[in-house]
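*Asks:* The structure follows.
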Number of protein chains: 2
Amino acid sequence: MIRFHITKKSKKSNARLGLLKTPHGAIETPALIPVATQAVVKALTTEEVVQTGTQALIANTFHLHLKPGEKIVKRHGGLHRFMRWQRPLMTDSAGYQVFSLGFGMDHKVGKILKKRSENKVSHPSAQPQNVKITETGVHFRSPVDGSPLFIGPKESIRIQESLGADIIFAFDECTPPTASHAYTEKSLERTHRWAEQCLEYKKTKQALFGIVQGGRFKDLRVESAKMVAGLPFDGFGIGGEFGGDKKRMMHMIRWVIDELPEDKPRHLLGIGYLEDIPKVIKSGVDTFDCIVPTHFARHGAAFTSVGQLDMRKKIFLNDTKPLDPRCACEVCQTYSRGYITHLLRAKEITPLRLLTSHNLFFFNTFVARIREGIRQGII
Amino acid sequence: MIRFHITKKSKKSNARLGLLKTPHGAIETPALIPVATQAVVKALTTEEVVQTGTQALIANTFHLHLKPGEKIVKRHGGLHRFMRWQRPLMTDSAGYQVFSLGFGMDHKVGKILKKRSENKVSHPSAQPQNVKITETGVHFRSPVDGSPLFIGPKESIRIQESLGADIIFAFDECTPPTASHAYTEKSLERTHRWAEQCLEYKKTKQALFGIVQGGRFKDLRVESAKMVAGLPFDGFGIGGEFGGDKKRMMHMIRWVIDELPEDKPRHLLGIGYLEDIPKVIKSGVDTFDCIVPTHFARHGAAFTSVGQLDMRKKIFLNDTKPLDPRCACEVCQTYSRGYITHLLRAKEITPLRLLTSHNLFFFNTFVARIREGIRQGII
């Protein structure tokens, strides 16, 4: 059960301020939803995540189904209790990951690819037949142990119910950026049937968001948005894989938003970079998940008021300033650039946390300022 | 400048309670000194280290000389400021690491070996000629980039002065466990000459500890202890590499302690396991460094009141209890075994911190109880 109140609408753009109330507290929107893929924000404790000003997290249904399995999470009292996170939680539908097993291997895109190589799992590479789509769902092989698995709308809802997040998503096919109009159309029809089935299957009071797909095609995006908007979802996810084509993504968001009802929350699944955030918010998106602050941190990048800094560079070793002298986060109150650079170059674990924590604080502050801008009527 | 007060002597053993006052506060002895090899307790922030009840840390002169270099640390205001640690700090002499480049490669012992392979540095393996000892010090090749380096008593003191720890150690040769009596004797004479030179070279008010060596030979150990005890050191380190032979180590400690003055602190360099701690303390050692709580944590081990647990094991996935139900640490107040096991099995970073933090708290509490036992006259 969620309730969504729009508290202010921008006169300069489609941006809106809102309050998304969930059983675990409210989210001030627009809001960044950092990723807790495997029920943890990589490198941080939940206490630290709270200190970064993070309002809600999104966990990964696919990964948690594989490890540790939703039954174990349920036995721990659900995801909130398992990971000791008292604030709002979302889980995605697993669709993106399941399908990226197929097209990710063809097109070298998708988060799952990296995950697989990290886990050193051998598998027949670039074989789209690894993923077999039927009317009831997708057959695929576990990237953990190669065993045959199946997830469809029924399974996705069942898993997400066991995990127990406040907001869950309908199972969808996220088509590859290269998919033809014909394939995308066929896929979309199936995704729409799955959307209806998800609404039917859901037994809990969790909020269920429908996902708009349709690839890069305006007619299909509009059709999808209209269709999904017509179903009794609690909110809407905007899905899609654009392989880094941000211009195309922004077009797509505009086509879709125009068709979605104003009074329900809109979540953009997997936004890109810091510079995309203002545009996305201005186009009328309320929440969005983003791996950039956390993922980049683990590769040594600090987001600062003077831009993105590669803290692995030797030049910072003598720098006694904080990561960002204008930042109010705990890391910037405590440690110097020089120390963090030393730790990165020495292959320590601690700097990954320090950068993750700082970057999340930086992104959350960035979004909070945009909210303030909307409040003041300047955005 | 340090001052050492013995506040109580055990009647049942050689154990003693003391207060070791340094410019950065006092250490209640006996005390565990966790390792901050590269100016960080691996996986933790300094704030967290404080929360584990850690009183003092020992950093590694050799590693910090290589990365980031003592000049950079000095430019940051010294090691305390660099790593934001306000409590007492020790640095070792670099002798152990320099020599383990030689005998470590012969005998597959020594911390440096692992470090080297972790850093993927190629080098001619098992070539003792990598290390060349002269009267003034040791020529060796940098494990970072293979460049020729030289450290002797003069260099060790100069580096340790730049780092600026409260307690520093004289440069010594730590002979391999397999060294003959003849070699050990010759090495010891040189180590004694270096001890005198270190006292001469030191210009700062840092406390300087002399190191007792002598390998596994009683006559040499006694001779070394007498010789070093006769020099105006502020305290004493007991060095040596016993390759896991704990019985021999305990014998050695007893031979040495009998010769050391009662009123000065004694530090055992690189103690072994949890079960060795009571014996070491009863033999009259005041402080000791130990990698076990931190190193084992990064390999998934939790020390608990029911023994050491391998938290990577699947069996813990359903366990909703804390790591140790009797433990008062923050981790045990917050997270379940099941969650930590999930995170370990999912190759996350966060559990390494949780286990490090818990283990340090556990070890510090263990030592605090021994102090209490001495106070109460039962140890």
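Note: Cβ is positioned from N, Cα and C throughout, glycine not excepted.
Keep in mind that what you see is a predicted model, and the values were worked out from it rather than measured.
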*Asks:* What does TrEMBL list, out of A:His299, A:His358, as binding the same Zn(2+) as A:Cys327, A:Cys329, A:Cys332?
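*Replies:* According to TrEMBL, the candidate sharing the Zn(2+) site with A:Cys327, A:Cys329, A:Cys332 is A:His358.
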*Asks:* Given that TrEMBL annotates A:Asp172, A:Gly240 as binding substrate, state which candidate in A:Gln197, A:Gln206, A:Gln213 belongs to that site as well.
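*Replies:* Given A:Asp172, A:Gly240 bind substrate in TrEMBL, the matching entry from A:Gln197, A:Gln206, A:Gln213 is A:Gln213.
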*Asks:* Pick from A:88-94, A:179-185, A:221-227, A:270-276: which range does TrEMBL record as region 'RNA binding'?
*Replies:* A:270-276
*Asks:* Looking only at residues six or more beyond either end of the region 'RNA binding' (A:270-276), which have a C-beta under 8 A from one in the stretch?
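*Replies:* Long-range Cβ neighbours of the region 'RNA binding' (A:270-276): 96, 241, 244, 246, 249-250, 288-292, 303, 308, 363, 366.
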*Asks:* Could you give me three numbers for the region 'RNA binding' (A:270-276), the DSSP helix, strand and coil residue counts?
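*Replies:* Taking the region 'RNA binding' (A:270-276) as a whole: 1 helix, 0 strand, 6 coil.
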*Asks:* Around the Zn(2+) site recorded as A:Cys327, A:Cys329, A:Cys332, A:His358, what other same-chain residues have a C-beta within 8 angstroms of the site's C-beta center?
*Replies:* A:Pro322, A:Leu323, A:Asp324, A:Ala328, A:Glu330, A:Val331, A:Gln333, A:Ser357, A:Phe361, A:Phe362
*Asks:* Calculate the distance in Å between the alpha carbons (Cα) of A:Gly240 (substrate binding site) and A:Asp92 (active site, proton acceptor), and round it to a whole number.
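*Replies:* With distance taken Cα to Cα, A:Asp92 (active site, proton acceptor) is 13 Å from A:Gly240 (substrate binding site).
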*Asks:* By a simple count of other Cβ atoms within 10 Å, which of A:Asp92, A:Asp289, the active-site residues in the record, is least packed?
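*Replies:* Ranked by other Cβ atoms within 10 Å, the active-site residues A:Asp92, A:Asp289 bottom out at A:Asp289.
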*Asks:* When you rank A:Asp172, A:Cys327, A:Cys329, A:Cys332, A:His358 by Cα distance to A:Asp92 (active site, proton acceptor), which of the binding-site residues ends up on top as the closest?
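*Replies:* Nearest listed residue in space: A:Asp172.
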*Asks:* Excluding A:Asp172, A:Gln213, A:Gly240, which residues of the same chain place their Cβ within 8 Å of the centroid of the Cβ atoms of the recorded substrate site?
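*Replies:* In sequence order, the nearby non-listed residues are A:Gly95, A:Glu173, A:Cys174, A:Thr175, A:Leu188, A:Thr191, A:Ile211, A:Val212, A:Gly214, A:Gly215, A:Ser224, A:Ile238, A:Gly239, A:Leu269.
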